[in-house]
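Trainee: Sharing the record's features from Swiss-Prot:
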{"type": "BINDING", "residues": "Arg87, Arg97, Arg121, Asp211", "note": "substrate binding site"}
{"type": "BINDING", "residues": "Asp211, Asp235, Asp239", "note": "Mg(2+) binding site"}
{"type": "BINDING", "residues": "Gly271, Ser272, Ala273, Pro274, Asp275, Ile276, Ala277, Gly278, Gln279, Ser280, Lys281, Ala282, Asp283", "note": "NAD(+) binding site"}
{"type": "SITE", "residues": "Tyr128", "note": "site 'Important for catalysis'"}
{"type": "SITE", "residues": "Lys178", "note": "site 'Important for catalysis'"}
Amino acid sequence: MKLAVIPGDGIGPEVIAEALKVLDVVVPGVEKTEYDLGAKRYHATGEILPDSVLPELREHDAILLGAIGDPSVPSGVLERGLLLRTRFELDHHVNLRPSRLFTGVRSPLAGAPDIDFVVVREGTEGPYTGTGGAIRVRTPHEVATEVSTNTRFGIERVVRYAFAKAQARRKHLTLVHKTNVLTFAGSLWQRTVDEVGAEFPEVTVAYQHIDAATIHMVTDPGRFDVIVTDNLFGDIITDLAAAVSGGIGLAASGNIDASGTNPSMFEPVHGSAPDIAGQSKADPTAAILSVSLLLNHLGDTEAAARIDAAVAKDLAARSGTASTVEIGDRIAAAV
């Protein structure tokens, strides 16, 4: 395996070091190439993602990212220049976000909710394509538009990915949208789900409006298995999914080119947390679970299962506080 590693900013290098420690135990001999992309490079050279780096990234089987963002750089500069550009250049049309409440982890929900579902979010369309504009700016008559772009091609490939996930899990898929108001895009999403769903007769299909889905994710999260949704609704609902299952500190994600043409990128959901960087206070669990997602994506399900089991064992036994390295050592020993 050839792995591109982008430690990034803040706590990124610390959590990635522990994730790689675990990876080296379950899959020895991975060929790694580290890229110094992030705030330091931006300040030193003015570069965020040089054109010369993209062809190099494409030569790898996968990309592992730590965290991006630094208070010394204006908000959004690094995120747009690195994360969004990578997503579009490498056609990461699937954003995969598992949500699982591990034993030993407290949920803000009452009782012991059954939480084990995944959200499949479309990643390259919707209102995030930069289509729109503004006129009469800074006048009383200013008008701004933000256009949501939805294509049959873009929707179908994400829907197919979601159905395949559902087929391999508990065979239940929920489309989340707002078809009663967003009638044009909603109709296209619903028809695509209906047509692709006919090819997966074992998968039960349901629909929920986005507002209803947020309610049920809090009151009855066990009803969900695989959720498929668009870019904007997915952006919102995935953070809620992380919150009910213990917080973004435990949330892993995959930005995936389901065609396999380009390497997919895996990362913890949490930010760079510059206030605790360098203090070994960061929890590397989300980065380690991102390695599990990476291995699952590449077909090494056995190694991924070993990581998941080791993480579950560690979380169930945790008490008090532990350093970043201590947590990484414990999970590496448990795999």
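Each residue, glycine too, has its Cβ placed from N, Cα and C.
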Trainee: What are the other residues, in sequence order, whose C-beta lies within 8 angstroms of the center of the C-beta atoms of Asp211, Asp235, Asp239 at the Mg(2+) site?
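Mentor: In sequence order, the nearby non-listed residues are Ile210, Thr214, Leu232, Phe233, Gly234, Ile236, Ile237, Thr238, Leu240.
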Trainee: Spatially speaking, which of the recorded positions Tyr128, Asp211, Asp239 is closest to Ala273 (NAD(+) binding site)? Use C-alpha to C-alpha, please.
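Mentor: Of all the candidates listed, Asp239 is nearest in space.
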Trainee: Measuring Cα to Cα, how far is Asp235 (Mg(2+) binding site) from Arg121 (substrate binding site) in Å?
Mentor: 8
Trainee: If you draw a 10 Å sphere around the Cβ of Ala277 (NAD(+) binding site), how many other Cβ atoms fall inside it, taking every protein chain shown into account?
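Mentor: Around Ala277 (NAD(+) binding site), other Cβ atoms within 10 Å: 18.
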Trainee: Including all protein chains shown, what's the count of other C-beta atoms within 10 A of the C-beta of Arg121 (substrate binding site)?
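Mentor: Around the Cβ of Arg121 (substrate binding site), 27 other Cβ atoms lie within 10 Å.
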Trainee: Among the binding-site residues Arg121, Asp211, Asp239, Lys281, Asp283, which ones place their C-alpha within 10 angstroms of the C-alpha of Lys178 (site 'Important for catalysis')?
Mentor: Asp211
Trainee: Same-chain residues six or more away whose CB lies under 8 A from the CB of Asp283 (NAD(+) binding site)?
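Mentor: Set apart from Asp283 (NAD(+) binding site) by at least 6 residues yet with Cβ under 8 Å, we have Val15, Gly249, Leu250, Thr324, Ile327.
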Trainee: Within 10 angstroms of the C-beta of Lys178 (site 'Important for catalysis'), what count of other C-beta atoms is obtained when all protein chains are considered?
Mentor: 20
Trainee: In the three-state scheme derived from DSSP, which category covers Arg97 (substrate binding site)?
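Mentor: Reduced to three states, the DSSP call for Arg97 (substrate binding site) is strand.
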Trainee: Does anything in the same chain, at least 6 positions from Asp211 (substrate binding site), have a Cβ under 8 Å from its Cβ, and if so what?
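Mentor: In sequence order, the residues whose Cβ lies under 8 Å from that of Asp211 (substrate binding site) (at least 6 apart) are Lys178.
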Trainee: According to DSSP, which kind of secondary structure is Arg121 (substrate binding site) found in, if we only use helix, strand and coil?
Mentor: strand
